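Taken verbatim from Swiss-Prot:
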COMPBIAS  274-292  compositional bias 'Acidic residues'
COMPBIAS  308-328  compositional bias 'Acidic residues'
COMPBIAS  329-350  compositional bias 'Basic and acidic residues'
COMPBIAS  351-368  compositional bias 'Acidic residues'
COMPBIAS  369-400  compositional bias 'Basic and acidic residues'
COMPBIAS  422-470  compositional bias 'Basic and acidic residues'
COMPBIAS  474-483  compositional bias 'Low complexity'
COMPBIAS  485-508  compositional bias 'Basic and acidic residues'
COMPBIAS  545-557  compositional bias 'Basic and acidic residues'
COMPBIAS  568-582  compositional bias 'Basic and acidic residues'
MOD_RES   Y105  phosphotyrosine
MOD_RES   S131  phosphoserine
MOD_RES   S215  phosphoserine
MOD_RES   S269  phosphoserine
MOD_RES   S298  phosphoserine
MOD_RES   S332  phosphoserine
MOD_RES   S340  phosphoserine
MOD_RES   S401  phosphoserine
MOD_RES   S465  phosphoserine
MOD_RES   S512  phosphoserine
MOD_RES   S550  phosphoserine
MOD_RES   S566  phosphoserine
REGION    1-33  region 'Coil 1B'
REGION    51-72  region 'Coil 2A'
REGION    77-197  region 'Coil 2B'
REGION    270-582  region 'Disordered'
Amino acid sequence: VKVELDKKVQSLQDEVAFLRTNHEEEVADLLAQIQASHITVERKDYLKTDISSALKEIRSQLECHSDQNMHQAEEWFKCRYAKLTEAAEQNKEAIRSAKEEIAEYRRQLQSKSIELESVAWHKESLERHVSDIEERHNHDLSSYQDTIQQLENELRGTKWEMARHLREYQDLLNVKMALDIEIAAYRKLLEGEETRFSTFSGSITGPLYTHRQPSVTISSKIQKTKVEAPKLKVQHKFVEEIIEETKVEDEKSEMEDALTAIAEELAVSVKEEEKEEEAEGKEEEQEAEEEVAAAKKSPVKATTPEIKEEEGEKEEEGQEEEEEEEDEGVKSDQAEEGGSEKEGSSKNEGEQEEGETEAEGEVEEAEAKEEKKTEEKSEEVAAKEEPVTEAKVGKPEKAKSPVPKSPVEEVKPKAEATAGKGEQKEEEEKVEEEKKKAAKESPKEEKVEKKEEKPKDVPKKKAESPVKEEAAEEAATITKPTKVGLEKETKEGEKPLQQEKEKEKAGEEGGSEEEGSDQGSKRAKKEDIAVNGEGEGKEEEEPETKEKGSGREEEKGVVTNGLDLSPADEKKGGDRSEEKVVVTKKVEKITTEGGDGATKYITKSVTAQKVEEHEETFEEKLVSTKKVEKVTSHAIVKEVTQSD
């Protein structure tokens, strides 16, 4: 290795030496060249003039080029500057217009900002006002709600008070009805005492003229009073509805509308019946005139034409009995509906039958007295024809007297009749005593009267089953009371006995079916019979009716509850003494169950009673239509017609 390295070192050293020699040679060459160049320069110095001229030419050429370039640059600059100045002027105008627009926009912005501030202020004020209004509204609403609650409480209390008053009013009506019945009984008793006293005093002090003339007038009126007492027709309707609802005021208005509609229907039906009965009344009036003429010719034989007509009237009686059976069938159906109500009045039925039995005996005695008196006075009437004519003129004027249109006004004819009644007490009592004596002397004639009563009573019932036929017939009787008196006294005197017999038959057939609804009418009749005792009440009532005329006839139509059916009925009631009208108008009872007052019961009772003579039948229908949301109604309708 060392050898090799030595060899390398040796070779390298040789190479370095070679390179050094080459380098030195090159340097020498270069130095030689430099030296040679200096020599050339020096040679060139002789040509310096030529170079300067060349340089001058070049310099002149370059200056020409530079001048040209300078001139071109200036021209270009000027053109460019002119263009820029023109553009600047145009931009200035645009800038000016832009500045003006900017100023305008600034002014608008300022005005809008001011307006916005005002609107914002107004908005705030409105919001404050709205908040105030809402607060006030809430306050008012709360106050109104409190007021409504208070008014509802007051209304509820008022309704309770109204219900209490209605109950009290119903109780007072019941008491009033009982008092009216009792007053009527006492009135009959007083009238009987007055007539008996007048008859007694007339027989002592008065001459023949004083007691003969009243006897004729009595005979003209007996037919009305005799028929009136034993003949009662009752139609009783009771409607009880329990209605559960929340709107009581709507129901009241509906009930009032229904009642007004019913009243209108009744008025229309009454007018139609009145027209029909006027035509029939004219025919009956003509027949009555014929009978009067026959009575003048043969007053003693007044009963003979009745005996001849007996056979034809018996057939009519059979038909009437069939009609009564049909009515009893209807009564039985109605009695089943109101059975619970009818059981309570069974005692009154038995008492009434006893009263009717007593009434029959009294009527027989009265009829015997009247028949005997009629025969005794028949000859005297012919002699006293002139005073009788005066009585005729006086009585039609009474019949034409204005009829009161309300039950309050009916008291006036009663007072007038009582005044006239006091003047002739003595004469009437004298006539009654003579009748009693005549009844004892003629028992045979009483038997004949009983036979004639049956056929005579049947056509009367047919004529009077429409209420208005009897009005026309009675109007004719009132117009000519003195003429009809002689013959009618015998005929009408026979009617009460037959009618009371029929009442007993009807009472036995009706049985327990008629007990409840006929309670009021039986009490009235029983009191009349019990008070008058020996049947004098009916006999004493006849002369009183004679003196009072049509004014007294209207008094017979007793309107218990202060309500009449219609003006048409009132006018006809003034012309006839055979009708008694008892009408109880609607009575509403409002009760509230529970403290909240949500459930309310209204009890409406409508009671209509028609008390008529001559077996009259007057049917009054009540139609009540209810249209209410959520209505529960229970209705009990009881309609009973009794043939007394």
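Heads up, the Cβ atoms here are built off N, Cα and C, so glycines get one too.
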**Complete:** Listed in sequence order, the residues of the same chain lying six or more positions from S269 (phosphoserine) whose CB sits under 8 Å from its CB are none
**Between S131 (phosphoserine) and Y105 (phosphotyrosine): CA-CA distance (Å)** = 38
**Message:** I need to check the long-range neighbours of the region 'Coil 2A' (51-72): which residues 6 or more away from its ends have a CB within less than 8 Å of a CB in the stretch?
**Reply:** none
**Message:** So, three-state DSSP: helix, strand or coil for Y105 (phosphotyrosine)?
**Reply:** helix
**Item:** Residue distribution over DSSP helix, strand and coil in the region 'Coil 2A' (51-72)
**Value:** 22 helix, 0 strand, 0 coil
**Asked** What same-chain residues, at least 6 away in sequence, bring their CB to under 8 Å of the CB of S131 (phosphoserine)?
**Response** none
